[in-house]
């Protein structure tokens with residue numbers, strides 16, 4: 001019952017967030033400098049008659065008041081109609097379907113690679129606390145967090161194209177972007193796994209298992225793995241949402257025909273429907289992914305369900321920031 005209430009609450013929250021995103025995007029597009037009519041006519045304003053400009057504006061509905069334009073936009077949105085591109089005249093939904101797969105592929109591949117690398121490294125760092133292995137992993141994690149993704153991408157491009165003289169579409173448009181995005185994501189997960197595991201190694205349940213003669217491998221798999229990984233789920237939701245939104249820079253850097261590339265191209269041409277569609281796509285996936293992450297945490301963590309059923313109950317689950325500061 002509490003889970004159903006939580007799902008309904010998240011659904012209402014998602015609707016409100018998407019409404020705010022769509023409205024803010026509409027307002028920002030109307031306040032931004034430039035005129036899409038100039039781009040559509042592909043002519044200098046001095047060479048186009050006023051009648052042609054007004055006819056084009058009437059056709060696009062740009063002569064209506066802002067309130068009327070907003071109402072038409074929201075009405076179409078409720079019917080899952082994002083309009084047509086000013087440039088290509090294609091439906092925006094079709095354009096998004098053409099560009100979205102590569103963005104989603106890179107984002108989810110980055111997530112898988114990050115998990116496969118960061119969880120083992122976080123466990124190794126915790127098990128070898130304050131040894132040279134732990135110190136090396138911490139230094140690499142700190143560097144990965146400190147360096148911007150676009151800077152890492154530029155370095156990788158320079159190494160592959162200039163120093164190694166490798167010309168491969170798969171390498172430049174898939175493997176390198178995944179590596180670039182994975183480095184920063186791995187760093188956060190490694191630090192979280194390490195700090196959670198260090199804290200759990202001092203818990204009573206671990207001490208009791210050791211007294212019963214259980215080996216360290218058994219303790220890690222049966223006693224520590226689930227409580228270590230559970231706090232990662234909310235972070236994964238935030239990180240994956242950020243990945244989809246953050247591909248704008250990476251896709252333009254590596255010349256990848258994804259949503260980020262489409263968004264930048266549409267901004268240059270003042271293609272309002274496509275811009276609004278891209279922003280809504282990114283916002284929708286960010287909200288959906290975070291909602292799924294919250295529900296998974298609720299389903300897998302009994303403490304969260306207990307606290308949801310009785311808000312007066314306070315769980316003893318430590319905050320991520322506190323545990324990170326304690327074992328950093």
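Heads up, residue numbers simply count up from 1 along the chain you see.
Placed from the backbone N, Cα and C atoms, the Cβ positions cover glycine too.
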Per Swiss-Prot, the range holding transmembrane segment, considering 279-299, 300-320: 279-299
Range annotated as transmembrane segment in Swiss-Prot, from 44-64, 65-85, 170-190: 170-190
